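To start, the structure under review is shown below, and the notes come after it.
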Amino acid sequence: MATTATEATKTTAPAQEQQANGNGNGEQKTRHSEVGHKSLLKSDDLYQYILDTSVYPREPESMKELREITAKHPWNLMTTSADEGQFLNMLIKLIGAKKTMEIGVYTGYSLLATALALPEDGTILAMDINRENYELGLPCINKAGVGHKIDFREGPALPVLDDLVADKEQHGSFDFAFVDADKDNYLNYHERLLKLVRPGGLIGYDNTLWNGSVVLPDDAPMRKYIRFYRDFVLALNSALAADDRVEICQLPVGDGVTLCRRVK
């Protein structure tokens with residue numbers, strides 16, 4: 001969402017508009033700033049170097065098109081960054097995932113990254129409360145030839161997960177799950193996903209560094225939504241660190257991604 005802890009406290013609507021359209025002095029915007037600086041790197045130039053050198057040249061045309069469509073959406077800061085999409089695509093291939101799940105879809109950039117990495121008979125159970133956003137990216141997904149892999153469910157994810165947990169045949173049947181949704185429910189999702197993801201499978205939680213606010217003092221000024229969800233993110237990070245059912249790795253990709261490998 002934002003770049004650093006400083007931006008978490010100081011970014012305003014005019015500043016966001018200025019970031020999206022240049023610096024106010026006629027300087028042209030950098031490409032990644034179209035959807036905000038989704039990296040915790042302090043150097044904007046270094047992040048741009050990563051995108052220009054390793055990410056954009058390898059980005060599939062369908063993902064590029066979806067990224068550009070999403071950049072025009074008023075909620076574009078909700079999207080997965082291009083480097084994180086590349087990371088997820090590689091991760092799916094590395095673990096040989098076939099059956100996956102995504103909680104929180106938005107326009108489907110990370111969903112498309114996953115779908116492209118899955119084998120032809122791979123599947124994704126995708127859940128989001130807003131079908132309209134998903135349908136914004138659906139033409140790109142279909143154009144990429146992977147729409148048949150996606151089972152989209154509109155509505156809250158917890159009832160869907162509870163139904164899956166109630167079906168013993170679904171236990172341990174998923175290879176991978178990616179969560180980028182309501183932070184106040186991350187721990188609720190975690191308990192259910194540990195039943196549904198197979199031993200050795202992975203769960204990825206997005207935004208676990210939460211705009212850098214996780215290192216700010218409690219009395220630091222923050223935007224309202226940052227402050228509201230900050231304690232939930234801190235609680236998640238502490239809980240995952242103490243959970244012996246998983247091995248964890250927290251990475252400064254995008255806004256922070258924590259990978260959990262189920263071991264119990």
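For all residues, glycine too, the Cβ spot is worked out from N, Cα and C.
Cross-referencing Asp167, Asp175, Asp182, Asp184 against the S-adenosyl-L-methionine binding annotation in Swiss-Prot, which names Thr80, Glu102, Gly104, Val105, Ser110, Asp128, Ala157, picks out Asp182. For the divalent metal cation site that Swiss-Prot gives as Asp206, Asn207, the extra residue drawn from Asp163, Asp180, Asp243, Asp244 is Asp180. Ranking the binding-site residues Asp128, Asp182 by other CB atoms within 10 A of the CB puts Asp182 at the bottom. For Glu102 (S-adenosyl-L-methionine binding site), the nearest of the binding-site residues by C-alpha distance turns out to be Asp180; the candidates were Asp180, Asp206, Asn207, Asn211. The binding-site residues listed here (Thr80, Asp128, Ala157, Asp180) include Thr80, Asp180 as those with a Cα within 10 A of the Cα of Asp206 (divalent metal cation binding site). The separation of Asn207 (divalent metal cation binding site) from Ala157 (S-adenosyl-L-methionine binding site), Cα to Cα, is 18 Å.
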